[in-house]
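Visitor: Pasting a structure below so you can have a look.
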Amino acid sequence: MDIIDTIKDQIANNTILLYMKGSPNAPQCGFSSKAAQVVMACGEKFAYVDILQNPEIRANLPKYANWPTFPQLWVGGELVGGSDIMTEMFEKGELQTLIKEAAQKASAE
Ligand SMILES: N[C@@H](CCC(=O)N[C@@H](CS)C(=O)NCC(=O)O)C(=O)O
């Protein structure tokens, strides 16, 4: 499968998806660590892709997403943003709402 199709599949098949360096329990970058903490604090199950284990995704996702860096949070097929945006939204309570609503919608489907 083409790498862009793989990325599209991952985004379509995982309602809450974090592209990050390392894993939520063993993040390999401060930005990814913060992002994983914030998503975990929202209390819903989420998927992640370790881009350090997937160099092709690391190379191609920024172009596809039009977002240059990692982490990247995707919810309901849409890019939310990186660590700064996620943290800002979390502090306002917006990320919790977005994630909870997306999880509810997915479980009703
Ligand atoms: N301000 C960004 C910081 C993220 C960032 O600068 N990430 C860098 C270092 S981890 C990155 O992804 N560089 C490209 C790469 O390593 O492929 C955010 O809010 O997420």
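Positions of Cβ are set from backbone N, Cα and C atoms, glycine also.
TrEMBL annotations: computationally assigned, not manually curated.
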Visitor: Need one residue: from Lys21, Lys105, the one TrEMBL lists with Arg58, Phe70, Ser83, Asp84 for glutathione.
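Guide: Record check against TrEMBL: glutathione site with Arg58, Phe70, Ser83, Asp84, extra candidate from Lys21, Lys105 is Lys21.
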Visitor: How many Å lie between the Cα of Cys29 ([2Fe-2S] cluster binding site) and the Cα of Lys21 (glutathione binding site)?
Guide: 6
Visitor: Cβ neighbours within 10 Å, counted over all protein chains: which one of the binding-site residues Lys21, Arg58 has the most?
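Guide: By the 10 Å Cβ neighbour count, Lys21 comes out on top.
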Visitor: For the glutathione site as recorded (Lys21, Arg58, Phe70, Ser83, Asp84), determine the largest distance between any two Cα atoms, in Å, rounded to the nearest integer.
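Guide: Site span for glutathione, by Cα atoms: 19 Å.
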